[in-house]
Amino acid sequence: MKIIEGNLALKGNEKIAIINARFNHIITDRLVEGAKDAFLRHGGDEKNLTLVLVPGAFEIPMALEKVLASGKFDAVCCVGAVIRGATPHFDYVSAETTKGIANVTLKYAKPVTFGVLTVDSIEQAIERAGSKAGNKGFEAMTGVIEMLNLYKKLGE
């Protein structure tokens, strides 16, 4: 059986955007740090990494649409943090952000990863932003690098 998979090696000329939701910035700043670390560790050139800041997770799909429509980027890593509160707001924001990112990704057929935390507590968010559960920003960036290389092997 033939296996086709991406790898984690960047050549240094890949242009990747990170879209970061500033809301809950104490968490999301750490996710960005993790994503940047992964990009650099795997051979990325910092001049080819762009950070796009949006107010909150709900705005990520709109920014993603503009970023991909520009044609300037090979892949996008989306990060944010939606933390459950006492109202149903969490459910609406989480669902629409997820659907929006998925829809834009399918429209442009470019590698995009979902590094948006959807958690029940600030403690869970901290654990996923560099504590007990690793850094999900780092993981999202490695995922987008792997998918970028897979797309190349599949002929985009």
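In case you wondered, yes, glycine gets a Cβ from its N, Cα and C as well.
Given the structure is predicted, the values throughout are model-derived calculations rather than measurements.
Taken straight from Swiss-Prot:
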type: ACT_SITE; residues: HIS89; note: active site, proton donor
type: BINDING; residues: PHE23, ALA57, PHE58, GLU59, ALA81, VAL82, ILE83, PHE114; note: 5-amino-6-(D-ribitylamino)uracil binding site
type: BINDING; residues: ALA86, THR87, ARG128; note: (2S)-2-hydroxy-3-oxobutyl phosphate binding site
Taking the Cα atoms as reference points, how far is GLU59 (5-amino-6-(D-ribitylamino)uracil binding site) from ARG128 ((2S)-2-hydroxy-3-oxobutyl phosphate binding site) in Å?
-> 21
May I ask for the distance between ALA86 ((2S)-2-hydroxy-3-oxobutyl phosphate binding site) and ALA57 (5-amino-6-(D-ribitylamino)uracil binding site), taken between their Cα atoms and rounded to an integer number of Å?
-> 18
Spatial separation of HIS89 (active site, proton donor) from ILE83 (5-amino-6-(D-ribitylamino)uracil binding site) - C-alpha basis, Å = 10
Taking only the Cα atoms, work out how far ALA81 (5-amino-6-(D-ribitylamino)uracil binding site) lies from THR87 ((2S)-2-hydroxy-3-oxobutyl phosphate binding site), in Å, as a whole number.
-> 16
Secondary structure at THR87 ((2S)-2-hydroxy-3-oxobutyl phosphate binding site) (DSSP, helix/strand/coil)?
-> coil
Cα of VAL82 (5-amino-6-(D-ribitylamino)uracil binding site) to Cα of the residue listed as 'active site, proton donor': how many Å, rounded?
-> 10
Highest CB neighbour count within 10 A among the binding-site residues ALA81, VAL82, ILE83?
-> ALA81
